[in-house]
Amino acid sequence: MALEKSLVLLPLLVLILLVLGWVQPSLGKESRAKKFQRQHVDSDSSPSSSSTYCNQMMRRRNMTQGRCKPVNTFVHEPLVDVQNVCFQEKVTCKNGQGNCYKSNSSMRITDCRLTNGSRYPNCAYRTSPKERHIIVACEGSPYVPVHFDASVEDST
């Protein structure tokens, strides 16, 4: 009797373990939309000419762990305004994909570029505040930015 119960419960246990193994890795994984927000949206501050802004933000936003991310752009606009770019002018992405959008108006941004000779773990960045149109790749439901593609000057 005990053996029969074990044989019935064994497949159920195997099924539960398979489901947990499949679901668990995605539980702690950051979504592409959340990663975009972490890496590119800084609504709480305005563009800073402080030479330490990029050094601090790149560390704070975990972009200097294991390597120095060479280039990054922070957008200093409300998150909803950045998300709304997904419904503005459709443009072709740098990689040829068709899911990029250009902001209708220029936005306040800060470009961070790794300085020449800077090596991990001592990542040092040059800070450049600007006002430019942003181009982002969007996907998902809701349709939101998942990749910062470029910034461009006003063409007027």
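Just so you know, the numbers here start at 1 and follow the chain as drawn.
Placement of Cβ uses the backbone N, Cα and C atoms for every residue, glycine included.
Keep in mind the model is a prediction, meaning the values are calculated, not measured.
Among ARG113, ARG119, ARG126, only ARG113 appears in Swiss-Prot as part of the substrate site alongside LYS35, ARG38, LYS69, PRO70, VAL71, ASN72, THR73, LYS94.
Take the candidates CYS68, CYS86; Swiss-Prot pairs CYS123 in a disulfide bond with CYS68.
Residues 61-63, 72-79, 82, 108-110, 112, 126-127, 129-131, 136, 140, 144-148 of the same chain lie 6 or more positions beyond the ends of the region 'Disordered' (33-53) yet place their CB under 8 Å from a CB of it. Here the C-alpha separation of CYS93 (disulfide bond) and CYS123 (disulfide bond) works out to 28 Å. CYS123 (disulfide bond) and CYS138 (disulfide bond) are 29 Å apart (CA-CA, integer value). Taking only the Cα positions, the spacing between CYS123 (disulfide bond) and CYS86 (disulfide bond) is 32 angstrom. In this structure, of the disulfide-bonded residues CYS54, CYS68, the smallest number of CB atoms within 10 A of the CB marks CYS68. Counting only residues at least six positions away in the same chain, the Cβ atoms of ARG38 sit under 8 Å from the Cβ of ASN62 (N-linked glycosylation site).
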